[in-house]
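Taken from Swiss-Prot as is:
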- 36-350: repeat '1' (REPEAT)
- Asn185: N-linked glycosylation site (CARBOHYD)
- Asn436: N-linked glycosylation site (CARBOHYD)
- Asn532: N-linked glycosylation site (CARBOHYD)
- Asn593: N-linked glycosylation site (CARBOHYD)
- Asn711: N-linked glycosylation site (CARBOHYD)
- 711-1069: repeat '3' (REPEAT)
- Asn813: N-linked glycosylation site (CARBOHYD)
- Asn892: N-linked glycosylation site (CARBOHYD)
- Asn1070: N-linked glycosylation site (CARBOHYD)
- Asn1129: N-linked glycosylation site (CARBOHYD)
- Asn1206: N-linked glycosylation site (CARBOHYD)
- Asn1393: N-linked glycosylation site (CARBOHYD)
- 1433-1453: transmembrane segment (TRANSMEM)
Amino acid sequence: MRLQPSLLLLALLLLKVTTIQATLGNNSWEEQTWPEGLKNFPFPCRPEEIPFSPPSESVHSLRISDIRVVGAIGNLETTPDAKMVLKRQKWIERNQMQTCMQVMTVLSDFIKKFSPSVLPLLCPSREKVLPRMRNEDLGPQARELVQHMKKNQKLNFRNDWKLINVFFNAQSQCHPCSSSQKEGNMTSSMQELIRLLDYLQKEVPKAFVNLVDISELGNSIQSNNQENGPRDINEVCECPQEPSRLTTAVQRWYYQNSWEKLLTSGRYDTKDTFTVIYQSFLHEMEPSVFPIKQTSGSSLKKLSTALAVSLWNGMIDPTGKKEEFFTTGQRIPVKCPTQKHPYLFTYRNNNKLSSTPEIKRISETREGTEIRCPDMDPSNAVPTSVHHLRPADIKVIGALGDSLTAGNGAGSTPGNILDVLTQYRGLSWSIGGNENISTVTTLANILREFNPSLIGFSTGTGNQNSAAAFLNQAVAGATSETLPSQARRLVDLMKENKRINFQDDWKIVTLFIGGNDLCDSCSDPPRYSSQNFTAHIGKALDILHAEVPRVFVNLVTVLSIVSLRELYQEESINCPRVILRSLCPCVLKFKDNSTELTTLIELNKQYQEETHRLVDSGRYDTRDDFTVVLQPFLEQVPMPKTPEGLPDSSFFAPDCFHFHSKAHARVARSLWNNMLEPVGEKKKEENLENIVDLICPSESQPYLRTYKNSNYTYPTATPTSSPKPDYGSQLWCEDRAPSASFPTSVHALKPADIQVVAAVGDSLTAGNGIGSKPDDLPDVITQYRGLSYSAGGDASLESVTTLPNILREFNMNLTGFAVGVGSADDANAFLNQAVPGAKAEGLKKQVQTLVQKMKSDPRINFQRDWKVITLLIGTTDLCDYCTDSNLYSATNFSAYLRDALDFLHREVPRALVNLVDFMNPIIFRQVFLGNQDKCPMTQACSLCNCLLTVREDSPELARMKEVVKVYQTKIRELVESGRYDTREDFTIVLQPFLEEVKLAFQDGIPDVSFFAPDCIHPNQKFHSQLSRALWNNMLQPLGKKMDFLDLTADTTLSCPSLEEPFLRTYRNSNYTYPANPAIENWGSDFLCPEQGSSNSAPSSVHQLRPADIKVVAALGDSLTTAVGAGAKNNSNWSTAWRGLSWSIGGDGTLETHTTLPNILKKFNPHLHGFSTGTQEEAAGLNVAVEGAIAQDMPSQARILVDRMKNSSEINLDQDWKLITIFVGSNDLCQYCENPEAHSVKNYVQSLQQALDIFYKELPRAFINVVEIMELVGLRQIQGEKCAVTTQSICPCFGRSLDNSPELQEMKNINRHFQSGSSLITYHHQYMEREDFAVVVQPFFQSTVVPLDDKGKPDLSFFSVDCFHFSERGHAEMAIALWNNMLEPVGQKQTYNNFTHSRTKVKCPTSENPYFFTMRNSGLLRKEASHKTPSVPFWAVLVAAAASFIVGVVLVMLWRTKKCSRREERPISLVATVF
């Protein structure tokens, strides 16, 4: 027997705990012997080198050898973190006690080297450790520890030296939540600790107390389990301000600094026999730094050892000079006492405590300036080109970025570290507007000298949401990932502000980001790659470029951040290094000249180079009123120095990280000067030590410099490069005004009334490959959402033709469109929620997400705004149709589409939905196969297997063409049903322009210039035509809409007419939906590929294909004899129309009559046994009898066996037989009149007896047992035309009152009948033979009465007696039974779906060509046959129930495993069609 690893680990853990645990005294405290794994710890100290001396009388000359006992108070819990792996968090909580023991064991073992007689360590017992221990909980532990030491006979309490460690977690304490708190303030939690220390000082003589802050222990444990570092203190303490790394670092520093100040004050040094030392766990640590041989030991043990080593070193090192930081890969050295310093360091005996006097900070007076230029006037006329923009033309200023733009600490007084949390936005270099230029130098104040009416600048203090921040939307602690959302908010603020003329005012926006990305880059290199960095910037710029007219964007490149190390490493400067390390670990934690530092420096350069490349691409110079100019003055900025050559901290806030107002002023000067320097000649190195003069625009060049007015050519451009194609359009409409009064009807909706645009669908709508270069196949995965025909909003209509850009010509305040590139989750995707590779099945999720976004977005008035939503789906379903014709059937496609549209209809007010007919995949088959030298032929299978890999003129291709037509028909039927025209403010309009696509040809070959490199996705050239066709379709009346798209046509954009100014709907088109065509018959279309029988007749029922069935038969009552199935009036309603019977009828063909035999005849035309007509002589093997009950089943079974044996057409031994049993309705209907005769027990026993006969007499048999339906629904069926009433034909259900106990009892009995028939099929006896199977088919388990359009029972499914089924009902039962047979046991549909469709018949698949049984469904293992004695029926039920439960569990496991396999598959959008 093999022991599972998890069980082995548990066993060893229990063994270890049992072995090491012992007790002292009253079991309140626990000791631990030395763990085996730590005995080989490389301890370097040599006690014999320290001269012997008698025990010390003073704690300030205490040696290690003097310590007699080691104890601990508190626990080593970690602060829970929402992102921490839950299992690991729980494991840590369970092992807090063990951690304390391990830490104290290591420490005790160190001490034993010097003091062999030291007593066993003391830790609180498990019972005393609370799961969330706070400082106030430590008091009882302290008192118990003192009592234990007093009672311990091995310890001289008055004279022996004691080492007591008080563990607490500063991170779990509530620090001040605002910078208004003074540093000296103590929280109540700190006061609790002080009371504890006061108690120890009073009660415990001769004690050295370590106050151990283990905050970073939790962070070290969590560092391997989360991305964003330690849990923020604001979250723990519920502080109102937003959590940030800066807040966490500053507040933790505040707490630790407060303790240091208190302890160095001498409060606990009033006696020579007692002292308290503050010890902080090492800031960052990995297992690799532990001086332990790397074995399979737990990381928790390693962390415990690290904490012990940290404590040891803290006692040996001079206080205030402790080693605070170890880098990745650096091992922690174990410090040793020396002859010169053999004692434990205290605050009193530390002659190094008084640090080197701080270098005096240079004056921090704010720097004003002045600017006197000869020409400070605006242009004579408001310029239309950004390349002719004077400073005085700027009317609006904005900024994006991080805390350097937010102004954190810019106005803080020296030493006030808490105040660094304050965001002095009014002093910010790029947008601050405090006072004026004479006292505060900022870009905004400089521009105000040219235009005093400038708006947008920030003043005072506050975060980005404060009113004073205005258009300074920088977020403290931000990385480049947040830029798109910042840009989005900035645009919205500019649009909403009434003081800003959004269309006409010239705006300047400064963007500066990257420091925090670099500071975190080593923790997640892929996340902070240069590619991602510039991609995030690109997305933000895309938003500005797409939406904001008249903008000059300053893109300031990231500074060279490595110079920060100079400030950190200079010991003479009093910087809070704990804060610096927390804020920027990747810059500070590595050694000089290390590989890691070199990597950081290289990444810094890549950030700068990639930013240059982004701007040099010219992608933001496609309009005359927009440009992005790179301002590189910070790229090589050196650390400013004092006259003594030391880093000048006066340029920095008290945290030595953020800029002080002095630096802000110098940087503002440099930015201004950079803006007036020609592109290509801008300064990249600015020495902040020097106060530079502000330059003026020259007479010859009075403009802010751009690439064009600098006569600059981007390096990436080549003289021979062809000009970028123009895909814009002209709109010549005169009337672009909205309705005179806000419309309330969707049928009176003008284009200018549309305020919101949205889209859902697949990769065509997501924009895959639209902007890809012809030879760049991998780029097809890029989602160019801003160029998408129905939802893109890049640039304007002049250069990019999309539906939103057309609508923006009518309403410039349109919202919802996407810009740039990215996934549906990106902010710039907005309401383009299309997902690449999406199928109809996932459409409802898309519309749910869309609606949620519309409801929650402040830019959208969900109830009032008019919306246009465009939906296109279906191509991907068709491309996968041949892989599973059941899953991708037209019926399922229609159902999924209906669910999504129903949701929109139900949830969204004021909406016009464009339902665009999908693009026929036959089109790109032509393109793909016609350009085999240009298209990726090797990817044909993954791109669209069902169409690209089949032969021309093959049956498979013909079948696919038919399926395409059925899909299109389903879409049209759905819209024309009128179900979405029940409200005045909602409609769905079918836009059919893609029904037929005329390709462009070159030399007789389809022109690939309209397609992306995969020859599948349309490129921008194609999308432009799609946009024009969609728009024109929207203006064409129903019944006259263009149903084709000519890619070669020079399509112009239509305009609403004066007579018809509205977007066209069925009503304003005076259109009447065509009446549904009369249904000629209830037949079905057979769309399954040709599938023959097995190569040889199978010997196993678990490998039985439909074509293997030679004989069909049935048992049952009047529902199987088909009483009334073909009746047209009361005169013949009692006739048995056996030829139409769902399970055994064989009249006509499948195309005219849907029955199980007619389906089977498509696989085997030589099928025997089915019944025809109405005469009993033609009943075949239909032995059902009208009025039969379960007790009749054994006799029917006997009759059937005899008929088979006597038939000359049947080879009893060799022919495979399919028998369907359906009985029980009469038993239920008569149950209340004779419960004993019609009991569940009798019902099940009768079924078992019939099955036993078949099992004994019939070889090669597959038995369908159909669960009885829920008869309570029959009560709904009533009408004047009904020949009989439910009361008379089924009294037990018809006579009971609604909600009566009698009716409820009958419902229960009904369920028991279902359960009984289901469980009996699990009898082990029926699983013993390889050629016999009984399978329950549960499609009636939850019976749904079909309803008509008015919500009443649809009597077309019932015969004239309103009880038996009509031919339509029999057809639906046949389809449900057949489909059940092709569904795995445990996954069968358990309800009837009686909706008409000729394509609902499922097909066997190549993966699953057999009828499903228990075994081939994966629920049973193949076992050797063996005989078992007969058992009582109720024992069978118990066994069957157990088997059923096991089966359900197995199914769940199988499905989970299957789903997990699906999830593990890599996603390749290149290999995903639409």
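Placed from the backbone N, Cα and C atoms, the Cβ positions cover glycine too.
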**Asked** Hey, how far is Asn532 (N-linked glycosylation site) from Asn436 (N-linked glycosylation site), Cα to Cα, in Å?
**Response** 38
**Request:** Return the residues near Asn436 (N-linked glycosylation site), defined as same-chain residues 6+ apart in sequence whose C-beta is under 8 angstroms from its C-beta, sorted by sequence, else 'none'.
**Result:** Gly368, Asn445, Arg448
**Euclidean distance between Cα atoms of Asn711 (N-linked glycosylation site) and Asn813 (N-linked glycosylation site), Å** = 35
**Prompt:** Say you check the Cα of Asn593 (N-linked glycosylation site) against those of the glycosylation sites Asn711, Asn1070, Asn1129, Asn1206; which is nearest?
**Reply:** Asn711
**Message:** Using only C-alpha positions, which one of Asn711, Asn892, Asn1129 is spatially nearest Asn1070 (N-linked glycosylation site)? These are the glycosylation sites in the record.
**Reply:** Asn892
**Entry from the glycosylation sites list Asn593, Asn1129, Asn1206, Asn1393 having the most other CB atoms no farther than 10 A** = Asn1393
**Request:** Would you pick out, from the glycosylation sites Asn532, Asn711, Asn813, Asn1070, the residue whose Cβ has the largest number of other Cβ atoms within 10 Å?
**Result:** Asn532
**Message:** What are the sequence-distant neighbours of Asn892 (N-linked glycosylation site), meaning same chain, six or more residues apart, C-beta distance under 8 angstroms?
**Reply:** Ala840, Glu841, Asn886
**Prompt:** Going by C-alpha distance, which of the glycosylation sites Asn711, Asn1206, Asn1393 is nearest to Asn1129 (N-linked glycosylation site)?
**Reply:** Asn1393
**Between Asn1393 (N-linked glycosylation site) and Asn1206 (N-linked glycosylation site), the C-alpha gap once rounded to whole angstrom** = 39
**Message:** What does the structure give for the C-alpha distance between Asn711 (N-linked glycosylation site) and Asn1206 (N-linked glycosylation site)? Integer Å is fine.
**Reply:** 102
**Request:** Restricting to the repeat '1' (36-350), report the mean pLDDT as a whole number.
**Result:** 71
